[in-house]
Amino acid sequence: MIRTLLLSALVAGALSCGYPTYEVQHDVSRVVGGQEASPNSWPWQVSLQYLSSGKWHHTCGGSLVANNWVLTAAHCISNSRTYRVLLGRHSLSTSESGSLAVQVSKLVVHEKWNAQKLSNGNDIALVKLASPVALTSKIQTACLPPAGTILPNNYPCYVTGWGRLQTNGATPDVLQQGRLLVVDYATCSSASWWGSSVKTNMVCAGGDGVTSSCNGDSGGPLNCQASNGQWQVHGIVSFGSTLGCNYPRKPSVFTRVSNYIDWINSVIAKN
């Protein structure tokens, strides 16, 4: 019981998490379109990379939720691949001071995830690092919201990642961020938006035809600031429209983290 309570504090609300040392640059317009985040202002953001032909390649984002666990999307994970995690990094091509590359020892995909039925949800996975990392000004853990939290319509959040700058476009070398407004479930699940593809275990944000996540942002965080100034990861980038990354009334869809707090704590406690 004590161990469970300690884990809950660590991944769901410890005061040491969610307060970046380096200030977040507010009101940056878009990930699609290529607006650079302030270096190390999202210190829980990681790059999940796979090995191919002797080289490492960025495939997805993720969030450090404990000193040896990363939260990402289930669709990012393949058991046939070898992965590593880059932490404390702004530029993917530069060996920056204070950054780390850590091997992966375990992959845990949600047991109800079905790659053939993305709209069912449960697009969530945990990646265990081969060794714990020391927390610094450039590498910090994310805070997760209280279980069951539902953000109101038009709540401002930021999506971050190294995904494409536009539909079928180039990928950036440095971390991008984009401000998105939450779209409530009633709106997002309406016929002219996402319809039945969206479930209550998801969060929608964006849909204005300008700002969105894109390919390569998958698994990364939807960062939303609480009234006390603490940043919390409310979403995991899951899917977008095949019509384009920033298609009107097709907001970015995220796994709703607050629906999975018990699952996250359970996986970490058992592993």
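Placed from the backbone N, Cα and C atoms, the Cβ positions cover glycine too.
Annotated features in Swiss-Prot:
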| type | residues | note |
| --- | --- | --- |
| SIGNAL | 1-16 | signal peptide |
| DOMAIN | 31-269 | domain 'Peptidase S1' |
| DISULFID | C60-C76 | disulfide bond |
| ACT_SITE | H75 | active site, charge relay system |
| ACT_SITE | D123 | active site, charge relay system |
| DISULFID | C157-C224 | disulfide bond |
| DISULFID | C188-C204 | disulfide bond |
| DISULFID | C214-C245 | disulfide bond |
| ACT_SITE | S218 | active site, charge relay system |
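Applying an 8 A CB threshold to same-chain residues 6+ apart, the list for S218 (active site, charge relay system) reads T59, C60, G61, A73, H75, C76, G161, G163, V237, S238. Using Cα positions, the member of the recorded positions D123, C188, C204, C214, C245 nearest to C224 (disulfide bond) is identified as C204. Of the candidate disulfide-bonded residues, C157, C204, C214, C245, the one lying closest to D123 (active site, charge relay system) when CA atoms are compared is C204. Put simply, C188 (disulfide bond) is 16 Å from C157 (disulfide bond) when counted between their Cα atoms. Calculated from their C-alpha atoms, the gap between C204 (disulfide bond) and C245 (disulfide bond) amounts to 13 Å. The local packing around C157 (disulfide bond), expressed as other Cβ atoms within 10 Å of its Cβ over all shown chains, amounts to 24. Separation of the C-alpha atoms of C188 (disulfide bond) and C245 (disulfide bond): 16 Å, rounded to the nearest whole number.
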